[in-house]
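For Cys2, the entry in TrEMBL reads active site, nucleophile. Taken from TrEMBL, the feature Mg(2+) binding site covers Ser321, Asp383, Asp384. Taken from TrEMBL, the feature compositional bias 'Acidic residues' applies to 508-517. What TrEMBL lists as compositional bias 'Polar residues' is 521-531. Feature annotation from TrEMBL assigns domain 'Glutamine amidotransferase type-2' to 2-238. Annotation source TrEMBL lists region 'Disordered' at 505-531.
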Amino acid sequence: MCGILALMLADRHGQACPEIYEGLYSLQHRGQDAAGIVTAGNKGRLYQCKGSGMVSDVFHQSQLRQLVGSMGIGHVRYPTAGSCANSEAQPFYVNSPYGIVLGHNGNLINGPDLRRFLDKEAHRHVNTGSDSELLLNIFAYELQRMDKYRINENDIFEALRNVYDRVNGGYACVAMIAGFGVLGFRDPNGIRPLVIGERDTPHGKDYMLASESVVLTQFGFRNFRDIRPGECVFIRRPDRDDLLSGQRGPTLFSRQIVPCKRFRPDIFEYVYFARPDSVIDGLSVYQSRLNMGEKLAYNVMKRFGEDYANKIDAVIPVPDSARTSALQLAQTAKLPYVEAFIKNRYIGRTFIMPGQQIRRKSVRRKLNVQLQEFFNKNVLIVDDSIVRGTTSREIVQMARESGAKNVYLASCAPMITHPHVYGIDLADCKDLIAYGKTEAEVAESIGADDVIYQSLEDLVASCTTENVSDFELGLFSGEYTTGASTEYLVHLEHMRMVNNRARKNSFAEDEEREAPDDISLHNTHSDPSLD
């Protein structure tokens, strides 16, 4: 899971970098492994800075001043199963044809086939194990086939039509063609999110594309909407003819490249990944989590019986993504709500850290307890989901160490029993705590007195709107929207194993050097200019 961002300013002499940089902070929750920005200046010259670590680690004032130009794209990266190297920080760049950069959120399930095609038929070199670089080279190959000195928006749309025919998976992308414009497109099932907005200025309209609407509202963009599944928008920078004719600002072109196959947004966006102040495909993430909390409350009351209030002394959220649901659960069940876990905001999301031991240590670094809120009490801890069980086990243990009599754990998501194949590196089946287990067995495994899961039906109902009633649920059911062959799942597991081994070695080396507490820090690199 990654965060992507693109900006086109109407003022040709404006600087896009400052807002892209600030916007990446708003998307930091979507990826903490790497970050990057590429801008386009005069005569189509590209400038880039990217590297491993958080946004604050990668970019410094001296580097940002070199990222000149009125348009650009940015990316924050979460490492998927096949990636971990510093070289895989995005956006990716190819100089031929025309100079193209691309940022990608998602995963392609026919990646091995695409890699063979690029090698044997397209004769394009792929330097990393990232699906994003595959997608970029497929797009570049299709544009190259146009065999034109200069392209127009129709050529871009036609090339993308062929891209859609070749690639399979869940993806949302932003791209930039040097000196020409920026574009954004989304997979035909709408699995990964992408939103566009506009802002009026004296020079014309500015346009921004982002993974979540919160970035657009932050900078005063209005009239924003979700990119439709299978749609591409292209925002063309004003050319000389436009300026001579008196046209101000960029021009927006939109085209439905392929029909929407089956509109199925990834429901895990609402459960965990997206910020609560975002709106995705017409649904407030905050509202969806309120709905999850209300439905989970009825499940809890049913589990504990009519005297449930005598069996639960406090409802305690695991910060941050479970707060909204936990509060609604407490209000619905008329139970006391207590903030008993205090979060260190400077520790990254432990969910995306490699290795059980590292995640376990990071939970203790990330959370501290209010002892008095646990001592001699029966507590119901609410979390957004239970994946490997590492975090849950540590949280339950912390509650017991603080003197809790009984520790119950409620999950806003159903039992996760299958891997996620569209860009979230959850785990292999054998590493998922719920795989092949009952709720009672999960409770025993994490040391809780009981575990209460949200039902899949209630989760879907929590996120259903007039616009969307169907969702990507493969991690709960094993049935994926675009299909996933056994061969691909084996490939995914192998890549995850190789990747985790590399990341564990990297983190072990960092600890030996007595690295700072924030274990997501790495050295960064920058290349200010790409000719």
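Including glycine, each Cβ sits where the backbone N, Cα and C put it.
Looking at Asp384 (Mg(2+) binding site) and Cys2 (active site, nucleophile), their Cα atoms lie 19 Å from each other. The Mg(2+) site, placed at the center of the C-beta atoms of Ser321, Asp383, Asp384, has further neighbours from the same chain whose C-beta lies within 8 angstroms: Val271, Tyr272, Pro317, Val318, Ala322, Ser325, Val382, Ser385, Ser411, Cys412, Ala413. The number of other CB atoms found within 10 A of the CB of Cys2 (active site, nucleophile), across every protein chain shown, is 25. For the binding-site residues Asp383, Asp384, the ranking by surrounding Cβ atoms (within 10 Å, all protein chains) places Asp384 first. A C-beta separation below 8 Å, combined with a sequence spacing of at least six in one chain, links Ser321 (Mg(2+) binding site) to Val271, Tyr272, Pro276, Arg289, Asp384.
Rounded to the nearest whole angstrom, the C-alpha distance between the residue listed as 'active site, nucleophile' and Asp383 (Mg(2+) binding site) is 22. Predicted-model confidence for the domain 'Glutamine amidotransferase type-2' (2-238) is 94, expressed as mean pLDDT.
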